[in-house]
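Undergrad: Could you have a look at this structure, given as structure tokens, before my questions?
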Amino acid sequence: MRDRLLLGLALLLAIALPWLAEAAGSPATVSLATRMAIYAIAAASLNLVLGYGGLVSFGHAAYFGLGGYAVGILYAHWRSEELLLGLIPGSIGLLPTLGAAMLLGGASAAVLGALSLRTRGVQFIMITLAFAQMLFFLFVSLKAYGGDDGLSIRRRGEFPGLDLRAPAQLYWLCLGLLVGWLLLLWRVTRSRFGQVLAGARQSERRMAALGVSVYPYRLVAFVISGMGTALAGGLMANALRFVSPDMMHWAKSGELMIMVILGGLGTLLGPVLGAIALVGLENWLSAWTEHWQFILGPILLAVVLFGRGGLMALLRRVLPA
Amino acid sequence: MALLLEQLLNGVQLGVMLFLLAAGLTLVFGIMGVINLAHGSLYMVGAFASAFVAAQTGSFLLALLAGLAAAALCGMAVEYVVLRRLYARDHLDQVLATFGLILFFNQGMVLLFGRQPLFVDIPPLLQGAVEIIPGVPYPAYRIAIIGVGLLVGLGLWFLLQKTRVGMLVRAGATHRDMVRALGVDVRLLYTLVFGLGALLAGLAGLMAGPIFSVQVGMGEQILIQTFVVIVIGGLGSVRGAVAGALLVGLVDTLLRAFLPATLRSVMQGADADALASGLASMGIYVLMALVLLVRPRGLFPAHA
Amino acid sequence: MSGGALLRIEGLEKRFGGLRASDGLDLDVLPGELHALIGPNGAGKSTAIGQITGEIPPDAGRILFEGEDITRLPPARRVRRGLSRSFQIVQLLDDETAEANAALAVQAAQGHSFRFWRDATRDEGLRAPARALLRRAGLPDARHRVLAADLAAGERKQVELALALAASPRLLLLDEPMAGLGASESRAMTETLRGLKGQVAILLVEHDMEAVFALADRISVLVYGRVIATGTAAEVRANAEVRAAYLTEEEGV
């Protein structure tokens with residue numbers, strides 16, 4: 001009961017944030033909070049496979065980048081009025097572009113997941129990383145879409161009644177999608193599907209003895225996760241009005257994983273806390289020194305070595321259930 | 001024909017570099033069960049230390065020693081301070097902790113040497129070319145790299161199969177407690193094995209200096225290729241590392257050499273070059289996918 | 001049906017290097033019987049179990065279940081056909097309660113789990129049969145909500161048995177259900193198995209001879225990868241080859 005109250009309060013605060021920022025005279029906070037919400041969607045998606053499924057994917061930046069490029073490429077074709085592959089018209093509609101992002105993310109996750117899930121453990125880590133790197137190189141070489149330099153997007157997605165040029169509206173959109181996505185993940189993890197996924201994490205051998213082959217369940221989780229991550233990528237393309245292969249860089253995959261661990265592996269709200277903490281920390285450190293990674297590295301090390309359970313565990317100690 | 005031979009040798013030479021990294025990584029994993037992302041950082045440390053000493057002293061020998069020593073010491077320090085706390089943890093923790101180490105090392109190198117790439121001269125003794133077959137000159141330095149690779153490969157085989165240390169290393173992997181009960185200091189053994197892996201990574205790094213530029217981020221690029229080598233070859237197997245490294249080295253080099261011309265025969269020059277370089281970069285990953293389809297545990301799995 | 005046998009194993013061969021872990025292994029389990037498989041250490045019992053459950057592929061020979069060849073079927077598919085197993089080293093989902101473990105087993109027995117919306121953790125359609133299973137395996141109600149990791153060794157064996165029963169198997173392969181249990185826990189497990197007898201055919205692999213001789217309808221003795229004798233308890237006890245095998249084993253220790 002108290003937890004629900006606190007959660008509602010936090011949500012109210014999050015909704016009111018643009019007004020509070022304005023009152024405090026720091027409008028930049030809104031775009032920072034937008035980035036946090038977007039990364040929270042990506043981290044929560046990764047958490048489905050990493051935390052609930054126990055699958056250490058080190059390549060989720062690929063889906064993040066693919067989502068971004070789906071939006072960017074559709075914009076480029078909308079602008080040039082040329083059909084994509086001679087078939088698909090460009091678009092700047094919010095629904096078609098974000099839908100395309102999720103479709104592309106899901107389809108790629110299906111293909112790469114089908115291959116990667118044939119391996120276990122360290123090989124799985126290496127192969128997901130390698131496939132993401134493969135896509136990174138693919139987009140570096142696609143000169144038609146900017147190659148190395150990336151692709152600028154002059155117009156944010158359009159939706160009747162929304163004006164995403166206003167930072168506050170973009171923020172509310174991202175916040176709304178985050179809340180919706182979390183609700184969906186909450187249902188999924190508690191469903192029969194979620195129980196099998198969690199069981200496969202704890203003992204694949206046990207699941208086989210119950211008559212369950214875990215591969216198709218893991219693959220479906222991987223696809224859902226890829227879709228959510230790509231949605232976040234599509235939103236990021238809207239927020240930054242820019243996509244580049246950097247969105248797919250392996251270090252981005254690492255950051256997403258850190259958000260999940262920092263917040264709390266296999267918890268619903270952990271990835272959200274982790275995203276807020278990491279984006280905030282990077283923002284704060286980089287304002288302070290150019291060499292912020294020199295400090296962030298050891299902080300991460302300390303979190304892994306000593307911070308069992310992440311921020312959610314810390315929160316639980318302050319607010320026992 | 002001459003071009004093909006030259007490119008084949010280039011492929012073997014890249015394979016040697018990858019083998020030096022993959023051997024260390026796979027040994028450390030096979031014995032300690034640790035995945036170490038910072039292995040590429042040790043490669044970078046070796047390259048930087050050697051480039052720096054070469055620029056300061058002009059002595060190739062000193063540069064060589066500095067590169068090896070820096071990488072090995074760094075590796076042992078990392079093992080002593082961080083990694084030995086991670087042996088009992090799961091792979092996720094190991095990945096994240098060593099990811100933190102990468103950030104630390106990369107930014108540390110930026111602090112020390114700046115972002116500008118360093119360029120290293122080929123040692124005087126190895127400048128020039130050798131005619132491998134009449135009419136086909138090939139850089140002596142690259143021949144030397146291939147030679148070093150062969151020596152290291154033989155040395156590793158001898159060390160692991162024929163010496164007491166190698167026996168302990170192999171036993172330590174499967175019967176950790178038994179080896180400990182026999183009075184062997186396993187922790188020291190691990191530190192030494194880790195140092196050996198770091199030494200090989202540093203060796204690769206300092207040899208790479210005159211071929212590629214020495215810069216921050218060089219470690220990660222080759223680390224990911226090394227992962228491909230290990231997935232293809234089979235985790236924990238030195239034999240697999242040899243096979244995987246040569247395969248990846250050859251495929252990558254040959255695609256880069258011959259794909260652009262092939263594509264240019266069917267499409268526009270500039271587009272063809274861009275697409276060819278992209279496809280060539282993707283080549284080894286496609287190779288990995290194909291190997292996995294047929295043999296999910298790689299070509300030479302360690303424990304069949 | 002192949003001569004009325006529920007499970008028929010014919011000429012199973014498996015080598016590990018120079019070791020013949022299965023060397024022309026033949027075995028029949030009849031519907032409804034409790035058939036014990038015994039043998040000295042190193043006789044190849046684990047290899048036999050691995051091949052029956054599908055975790056180890058045999059080099060040669062066939063395994064027929066209800067007359068159909070299942071030699072190449074993956075483990076999960078065998079379970080869905082009605083060949084359930086328990087593990088010698090208990091395999092439970094340690095982050096979950098005993099009840100949640102059993103509920104997942106019930107869920108698995110009900111068909112595919114591609115259901116994404118309804119809350120499975122509060123589904124009485126899963127929880128009630130789960131509790132019934134646990135009771136049937138002898139775990140008292142008060143222990144149902146305890147995390148699997150916190151249960152005592154004997155209780156974990158009971159949950160293990162409950163999970164194997166969930167699939168309503170026609171053959172239950174029990175891999176040393178008494179191993180690691182104290183005397184009173186062993187007796188309780190023996191009583192539980194006696195209660196199951198007749199409801200489902202059981203292939204019992206066990207070291208506890210007291211339990212084996214108390215429970216088994218027939219006993220097969222495995223030595224050096226092959227069955228040297230099959231028969232009732234009395235027949236096996238009287239068999240000269242069996243006595244020789246066990247006696248040399250004792251001397252060899």
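Every residue gets a Cβ built from N, Cα and C, even glycine.
Just so you know, TrEMBL annotations are computer predictions that nobody has curated.
Keep in mind it's a predicted model, so treat the numbers as computed, not measured.
What TrEMBL records for A:1-23 is signal peptide. Annotation comment: TrEMBL describes A:33-54, A:61-78, A:98-117, A:124-146, A:166-186, A:207-236, A:256-281, A:293-315 as transmembrane segment.
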Undergrad: Determine whether the transmembrane segment (A:166-186) and the transmembrane segment (A:98-117) share at least three Cβ pairs under 8 Å, counting only pairs 6 or more apart in sequence.
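TA: Between the transmembrane segment (A:166-186) and the transmembrane segment (A:98-117), contact is absent.
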Undergrad: Which sequence-distant residues neighbour the transmembrane segment (A:61-78)? Criterion: at least 6 residues beyond either end, Cβ under 8 Å.
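TA: Same-chain contacts beyond the ends: 42, 84, 88-92, 96-98, 100-105, 108-109, 112, 131-132, 135-136, 139, 145, 151, 153-155, 157, 225-227, 229-238, 242-243, 245, 247-253, 256.
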Undergrad: Counting only residues 6 or more past its boundaries, what in the same chain has a CB within less than 8 Å of a CB in the transmembrane segment (A:98-117)?
TA: 55, 57, 59, 62-63, 66-71, 74, 91, 124, 127-128, 131, 135, 157, 215, 218-219, 222-231, 233-235
Undergrad: Who are the long-range neighbours of the transmembrane segment (A:124-146) in its own chain, taking Cβ under 8 Å and residues 6 or more past its ends?
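TA: Distant contacts of the transmembrane segment (A:124-146): 55-62, 65-66, 69, 72-73, 76, 108, 112, 115-117, 152, 244-245, 248-250, 253.
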Undergrad: Between the transmembrane segment (A:293-315) and the transmembrane segment (A:33-54), are there three or more CB pairs that fall under 8 A, provided the residues in each pair are separated by 6 or more in sequence?
TA: no
